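TrEMBL annotations:
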ACT_SITE  GLU212  active site, proton donor
ACT_SITE  ASP357  active site
ACT_SITE  GLU461  active site, proton donor
ACT_SITE  GLU480  active site
BINDING   THR566  Ca(2+) binding site
COMPBIAS  66-86  compositional bias 'Basic and acidic residues'
REGION    66-89  region 'Disordered'
Amino acid sequence: MQWRSIVVGLVVLRLTLSCVLWLAFGLGPNVSWGFNFPLNFNLHRIELFKEQDGATETVNSWSQRIHEHRDAQRKTSCASKDDSPTKTKSYLSLFEGERDEYDKRYSSFPDKLKTKMKGMAKDMFYFGYDNYMKYAFPEDELNPIDCEGRGPDVINPSNININDVLGNYSLTLIDTLDTLLVLGNVSEFHRAVKLVIDTVSFDKDSTVQVFEANIRILGSLISAHILLTDPKHPFGDVGLEDYDNELLHLAHDLAVRLLPAFENTGTGIPYPRVNLKSGVPPDSINETCTAGAGSLLVEFGILSRLIGDSTFEWVARRAVRALWNLRSNETGLLGNVVNIQTGQWVGKQSGLGAGMDSFYEYLLKSYILFGEKEDYWMFQASYESIQNHLRRGRESCNEGEGDPPLYVNVNMFNGRIMNTWIDSLQAFFPGLLVLNGDVEEAICLHAFYYAIWKRFGALPERYNWQLQAPDVLFYPLRPELVESTYLLYQATKNPFYLHVGMDILESLEKNAKVRCGYATLHHVVDKSKEDRMESFFLSETCKYLYLLFDDENPLHKSENKYIFTTEGHMVPIDERFREKQWSDVFPLEEAAQTIQSPCLVSCERIPEERRYSLPLKSVYMRQIDHMVGLF
């Protein structure tokens, strides 16, 4: 009889524990008794997938699994209990802890510490820049471990990871010009401009990616030219004696060399690469990504309006319209890779990361700069499709039940989820949300990328939110998270974002600094390195970090407003860019006639009482931290 008593006792214990769990969390006997949810997020994050037409569809949200447990328990031995919703705790109670842990860490940022971080960001820039000038110039990039320069891979022309970016035209120096002014170094800015004028030529036998040459080289030359010649620019009179528009002439020369990419295509969408001396290579592929072909309008448009030649804006706008007209009739989404001759989608993935990101960015920024209603009409329609098909999670960022907002990768034709990863380039999107006035949504999404950074001390190139692990492990010093952090701080003035910037600065100092600069992290877990410092580290990452901590920067005090290109180059929002010396390139579609203007950066979106509290409630911050495996 003793064994029967033991069995009965165990059954009673099991039922008692089940009832306790049900009363506390709505969980019952079907719960995994291993309690391994801190590792696998089983209780609130597991998604079930089923295959349909070659795509993977999410059938349960992270939190839906919990509610299914709760519903099932109403038929168990505990079903006789009063199961009124007011009697059961929210599953968010799993993340309720000591609220002060977050408040104490993030709710203030002393001025002395801000000054220290500003100096640290400045030193970071000069450590990279000075060593580039010492060991690498006039080559394109610095190898910071070996302390030597890097140019195109002439031996292996198919090495597009290098050759798409490096054109043997002193890339890092050109890409860095306006950062020198942001740091207040007018004399070095003048010296760098003179070096570019005296030493740079685009008459090179170099095959480069049109997109990279446009955003890194063309955009920087235009920005520096405007800063030299515009009497309203924020840094005072920085004009250079005897300057005769040489940077503008260089920009024009480069743009002319990129124009062959737009010729002989069946759609008007450009080839991805050109040889600066001979045009489109005979063996060029007929496939390009949406971002690469559709993110030329800002730089090409400004150039056209500066020199009074519509050609450059015309070809860039034609490419945007061609891509737009290929969107899905069902979802309104675009894919990520297209055949430029047939208009067929080769890559059907629609998301916010690589291959897509700056297409959306430039629809909004083109409207802000040029005032063309059609640009914003396309942005509005794209944004609606993104919200309808890519967004998962609770409706409100900072209120209610459910999972944190997350934007996933889906099939462009049916909106079904295709994979369970996001990439680091997607961290730009909170910044774009700020520009569009959606500050609350930006706050929540930014917190997700910051949580990943806190876990690894970097953003892995791809992060699998289902597995809570990186899919692609390297981090090439990308600026997107810093950019969004800076824009959110400008919109909210919340000290939380200064803490984020400090975390990023300290991580870079600890994990990426080497003998002559800052190196790409080959592996975000073991922190092994690759001998490369891409130009955007100085052009964007360091620039945004410095501006984040420099409230008194002339850029922030200027009456004239500025916007940053996708490579972080400053251009003014100026009436002269809203005037053109030619008739409309395309007639406006009827729907575009009645659009409303975007709500640009506005601190009024954040109530005054929340300016110095956490931008996101502690329970939601803890939920996101748990979602990426921080505890």
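Keep in mind that glycine also has a Cβ here, set from the backbone N, Cα and C atoms.
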Inset, instruction - Enter the number of other CB atoms within 10 angstroms of the CB of GLU212 (active site, proton donor). - result: 21
Inset, instruction - Return the member of ASP357, GLU461, GLU480, THR566 nearest to GLU212 (active site, proton donor) in space, with distance defined Cα to Cα and candidates limited to these recorded positions. - result: THR566
Inset, instruction - Compute the C-alpha separation of GLU461 (active site, proton donor) from GLU480 (active site), stating it in Å without decimals. - result: 12
Legend entry - the residue listed as 'Ca(2+) binding site' versus ASP357 (active site) - Cα distance in angstrom: 10
Legend entry - Between the residue listed as 'Ca(2+) binding site' and GLU480 (active site): CA-CA distance (Å): 9
Legend entry - Cβ atoms near ASP357 (active site) (within 10 Å, other residues, all chains): 25
